[in-house]
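K.L.:
This is the structure, below, for whatever I ask next.
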């Protein structure tokens with residue numbers, strides 16, 4: 001503390017943090033009681049500004065490249081000290097939190113923020129433990145200083161802002177960024193590196209459980225339906241975005257949800273709608289003159305968000321954990337309109353589609369992305385967050401599926417009857433009916449039809465779903481054009497998969513080019 005006039009606020013409650021955020025002009029209260037905050041020009045993740053410190057302990061285990069960019073250890077130390085000095089004469093907010101709802105696999109983390117609303121976000125998204133760090137593990141530190149401006153020539157950064165992970169020192173530095181999602185994703189990347197060494201598969205997925213204790217996982221990129229489909233009024237939510245799958249069960253890595261708000265409606269997403277109340281942080285959501293949120297307004301960004309603790313969800317699994325999954329769903333948003341709404345996958349096909357991660361960037365979470373929708377291949381359905389080589393995660397997935405006997409499904413939440421702009425997107429009720437059939441076990445032994453070009457088996461009938469939708473060629477008026485698009489998609493899969501060194505049994509499990 002430089003001159004004694006600044007304060008360090010430790011482990012403040014939700015009410016205290018909201019009060020201080022308002023008093024400091026960091027945000028406004030909305031009509032539904034949530035705190036709305038704006039993040040400025042960076043309204044999404046900044047992948048070009050994310051680095052990992054290159055040090056002997058982790059260097060050989062990280063897949064260095066455009067996602068995991070190296071940062072010099074000496075430069076990190078200098079920048080950390082510089083940011084620490086910057087915060088020394090300012091009020092700061094500190095909480096002792098945990099990442100991972102598993103007694104064995106949690107990581108304790110001390111979160112220091114310059115803004116009160118960032119601390120509220122951290123307490124909503126991470127786990128607020130009854131007893132901090134009961135197992136007395138070494139503590140991670142997050143330091144978040146959004147008003148600090150990096151100088152690339154001096155600091156070795158890419159721009160005026162940065163996110164840097166240091167595994168040797170257990171530190172995460174965020175500087176120059178107001179977008180709060182960087183905090184949660186940085187600790188997800190940390191767990192994605194640490195968990196595989198313990199035989200645990202970290203996953204970019206949501207999870208829920210039924211009355212009988214049956215767990216279902218939903219993998220997918222942002223905007224493909226993870227949060228929406230796991231928030232099922234008939235089931236109990238474990239979590240909406242990040243989980244670990246250990247021998248014996250799955251656990252949430254987080255203690256809250258970070259739901260997309262664009263076009264949110266009470267009718268289609270009642271669980272999320274009801275969770276947005278006092279204590280929730282709304283990020284970049286526009287409000288009207290009466291402070292009523294306008295969820296259809298994307299003036300600031302398509303990537304509007306609500307961050308709330310799991311306590312805001314009535315139907316949730318109280319311990320944030322579940323049994324191993326009977327059903328695993330890969331959510332893909334196919335902009336070409338070629339893929340069927342649901343396919344059953346073999347273990348090898350599961351590994352192939354997990355590594356491929358074919359989907360679309362829908363209302364992308366990355367800074368600078370516009371509303372334009374484009375197809376993409378994102379390894380493990382979350383390429384930006386996985387530090388180790390992809391094969392490590394695919395191998396763990398196959399191991400877990402095989403040892404427990406989980407059934408994997410590929411579900412298309414994208415287009416049918418033509419590509420984006422011509423066809424129409426599967427509506428949420430149709431996808432929910434498919435998911436209901438998956439979780440009930442209806443599709444486990446259902447009769448299927450083989451689609452040769454796509455090398456996929458699709459059910460011939462599903463309760464509550466128009467059978468015409470199940471084989472995509474039936475929804476296209478121009479069958480020749482469908483064949484053309486299917487060929488193009490198959491070729492794209494093959495071209496993308498060439499980079500993977502995997503057994504032929506997995507290589508042969510994809511579409512037939």
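Glycine residues also receive a Cβ, built from the backbone N, Cα and C atoms like all the rest.
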K.L.:
Looking at Swiss-Prot, 185, 204 are annotated for Mn(2+). Which of 136, 147, 241, 263 sits in that same site?
P.N.:
241
K.L.:
Provide, as an integer number of angstrom, the distance between the C-alpha atoms of residue 241 (Mn(2+) binding site) and residue 228 (ATP binding site).
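P.N.:
Residue 241 (Mn(2+) binding site) to residue 228 (ATP binding site), Cα-Cα distance: 11 Å.
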K.L.:
Identify all same-chain residues not among 185, 204, 241 whose C-beta atom falls within 8 angstroms of the centroid of the Mn(2+) site's C-beta atoms; report them in sequence order.
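P.N.:
My list of surrounding residues reads 184, 188, 242, 382, 385.
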K.L.:
State the Cα to Cα distance, in Å, between residue 45 (substrate binding site) and residue 222 (ATP binding site), rounded to an integer.
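P.N.:
Rounded to a whole number, the Cα-Cα distance is 12 Å.
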K.L.:
Which number gives the other C-beta atoms within 10 angstroms of the C-beta of residue 241 (Mn(2+) binding site), all protein chains shown included?
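P.N.:
Total other Cβ atoms inside 10 Å, all chains included: 27.
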K.L.:
Round to the nearest Å and give the CA-to-CA distance linking residue 228 (ATP binding site) with residue 305 (substrate binding site).
P.N.:
13
